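For reference, the structure is listed below as structure tokens.
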Amino acid sequence: SDQMCLTNTQIQRTDTLTPPAPENAHSIRLDGDIILGGLFPVHSRGERGAPCGELKKEKGIHRLEAMLFALDLINKDPDLLPNVTLGARILDTCSRDTYALEQSLTFVQALIERDSTDVRCASGEQPIFAKPDKIIGVIGAAASSVSIMVANVLRLFKIPQISYASTAPELSDNTRYDFFSRVVPPDSYQAQAMLDIVTAMGWNYVSTLASEGNYGESGVEAFVQISRETGGVCIAQSLKIPREPRLGEFDKIILRLLETPNARAVVMFANEDDIRRVLEAAKRNNQTGHFLWVGSDSWGSKISPVVQQESVAEGAITILPKRVSIEAFDRYFKSRSLSNNRRNVWFAEFWEENFGCKLGMHGKRPGSPKKCTGLEKVGRDSTYEQEGKVQFVMDAVYAMAHALHRMHRDLCLGYPGLCPRMSNIDGKELLGYIRNVSFNGSAKTLVVFNENGDAPGRYDIYQYQITNRSAEYRIIGHWTDQLHLNMNAMQWASGDSSVPASVCSLPCQTGERKKVVKGVPCCWHCERCEGYHYQASEFTCQLCPYEQRPDQNRTGCQPIPIIKLEWYSPWAVAPVFIAILGILATTFVVVTFVRHNDTPIVRASGREMSYVLLTGIFLCYVITFPMIAAPGLAVCSFRRIFLGLGMCFSYAALLTKTNRIHRIFEQGKRSVAAPRFISPASQLVITFSLISVQLMGVFVWFVADPPHTVVDYGEQRTQDPENARGVLKCDISDLSLICSLGYSILLMVTCTVYAIKTRGVPETFNEAKPIGFTMYTTCIIWLAFIPIFFGTAQSAERMYIQTATLTVSLSLSASVSLGMLYMPKVYIIILHPEQNVPKRKRSFKAIVTAATMTNKLSQLASERPNGEVKTELCESVDNSSEYRRLLYHAHC
């Protein structure tokens, strides 16, 4: 009780009360000018309704003594808070948030106004209340759940709080926990560091495992949130370990993790007891070496979770706030004894626990056979290793001291001790000084706070490695805003230096795009970029430009190879061979005709027209060479000019000849007068007039569309891009080709019509029948040409087939004309010169009359008996001696 008299109800029973318990049996109280509160988990959580359990030697006593040690140093430091003594009120939280909340009410007693109207002393005097300590700031707590509970109370009374171990991201909310600060980085930094580790390992498919409670759930939540914002890491499963796990619960967790076997990496935010039991369950289920553990600072470099679980924990990567062992604290703590450390009310209990002995009859270890002598020494008679948060406890105390020092300097202006302005410290004003402190802490690292009261993230990265001699945690890197990892220092259970995989899907090969599974961006199916598509990005295939095709790896495009008809191609060799033979034959005929220019056969053939016809035949053979030659401006020009010109020369000459014969014999039926324009000069004029039409069309074609080359990528655009080729050709479309040859074909058809009309002319009269046979054969050739040429328009070999078909058709047409019209004459000229002699000349009138009479004779023979025909014919002939003579010559 902190009052000096009793209430009305207590007055009646004063004689029966037992003496109250010592005031501070559950806390440590140190006097001072300024009192700081302290919250430490001296005992573990109690069982079966008990608030407190067993003593925590390291997390409780070590940390508590670190605060006492820091206060000693500050009070002895002449440069820090000179003439001002810091005191303390330290409470045990028993690792339970509700119990800590009850204890923390002690810190606000001085700020609560008391109602004393119902209180009176037995003597009737006014009651006198013992003044409680006014706490201006609190150091603690350890667990995040405890800090959250306490912070909600302290903020109401504007009491600043600095934690040395609470890392929950929730405490960074400056709107809810505005009076809370901490010298350890929040789990959001830790989660970022762990995500950077996972990313550096190339693991994009991981599971998370959290102990139920604020620390584990907040840590996993921060990790999941950051991974979603950053991208690149997917969560396969997110499992939670209950506060009170049932029998077989950890085996179920391992089996659940195995449901996604590709997610070998497991990110753990769990307390050390849960970590140990998870490792045990993995070992029981024969999963040693399967899981890749990534542990938070609750695992850190602790030995207890991995004892007898070394093989299953091998390769585990853990994280721990960067810290160093404070040698001065080691000397201080090892020097503590029962005699010199009476201020610590729990030190006797620690002494029994640490040395395994019992202190007197009221000791906490009644079953211990050994009695404590009080001469035991820490570190000599027991193992000792400094607890990891000692550094941060001292930094928290020093942060409060530096804030008070600056406040004293600003408010007291050199006044020794506490000045009146600091007799009642404003918590909000002190909070401003706390947030602005900056000093080198006990580990010589900078202690600062951001606007949310968080310390900067500084972590050491460990890996649990097994060597031939021992198993140990080895530092493999550190994280300070960004990750620095020594990959060469890492070691895995498989003995392989390569990092094990924890991915949902293996990387796609080059030329394949990722088709992401809906809702799981780290899982995908690989699809090949088919056809003319290439891999434009990780997730897309794009079509190459029309003149390009994918490269070997399908990661880009390359130009499609350009081809043309080569001279050595079989499609070119045959036409060229035929053309050369034709040119030689035509040259031989021309030379023969020139040498025997004045002989009867040459003259009877019509020398002028024969040379024109032979020129056309020669051009039909010659066109083969520009059709096969590499396309260029000159070659394309020659193709346009000579493609139809050779046929035009040939069939214009033949048409003129057949037309002349037809007109002669049609005229002979009406009169014996010769028709007009049958002289050689007239024939040449008519022929070149017909040829000029072709030349005029070519000229217009040149003007409207100048010749040029094009690369046709569609002609040989096969389904397999490897076989795709661009064809270099002259810009002559099928329509242009038809127009160019159309006029020559028209001449050919017209000539054929006249050949049919003059088929009845006697063989002795000119060349009507050979011309007729020539035209019939030529028509058959070109009728075969049309389906072959246009029927192969969709073929991959289109260029070769069409070029060969066209050139061979032209050569065959020329060969037919040459063979049927001139070879018989050359045969007579060369081999039978005796037949190449002049015969008795007949007038045109005699020729025509004889031909006419022969026709009549043929007609009458078909209509009447032989005798009648002969009689009628003779009678008719007898009427004129001239007709008798003509008929004689005709028969001759």
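Glycine residues also receive a Cβ, built from the backbone N, Cα and C atoms like all the rest.
Listed in TrEMBL for this protein:
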- 567-591: transmembrane segment (TRANSMEM)
- 571-845: domain 'G-protein coupled receptors family 3 profile' (DOMAIN)
- 611-631: transmembrane segment (TRANSMEM)
- 677-704: transmembrane segment (TRANSMEM)
- 735-756: transmembrane segment (TRANSMEM)
- 768-790: transmembrane segment (TRANSMEM)
- 810-832: transmembrane segment (TRANSMEM)
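Within the chain carrying the transmembrane segment (611-631), a Cβ under 8 angstroms from the stretch's Cβ atoms is held by residues 564-565, 567, 572, 575-576, 578-579, 582-583, 586-587, 589-590, 593, 638-639, 642-643, 645-654, 684, 687, 709, 728-730, 803, 806-807, 810-811, 813-814, 817-818, 821-822, all 6 or more beyond its ends. Long-range contacts of the transmembrane segment (810-832) within the same chain, counting only residues at least 6 positions beyond its ends with a Cβ under 8 Å from a Cβ of the stretch, are 575, 578-579, 582, 585-586, 588-589, 592-593, 596, 599, 601-602, 605, 610, 613-614, 616-618, 620-621, 623-624, 646-647, 650, 654, 767, 770-771, 773-774, 777-778, 781-782. Listed as Cβ neighbours of the transmembrane segment (735-756) (distance under 8 Å, sequence separation of 6 or more from its ends, same chain) are residues 640, 643-644, 647-648, 651-652, 654-655, 658-659, 661-662, 690, 693-694, 697-698, 701, 705, 768, 771-772, 774-776, 778-779, 782.
In the predicted model, the domain 'G-protein coupled receptors family 3 profile' (571-845) shows an average pLDDT of 82.
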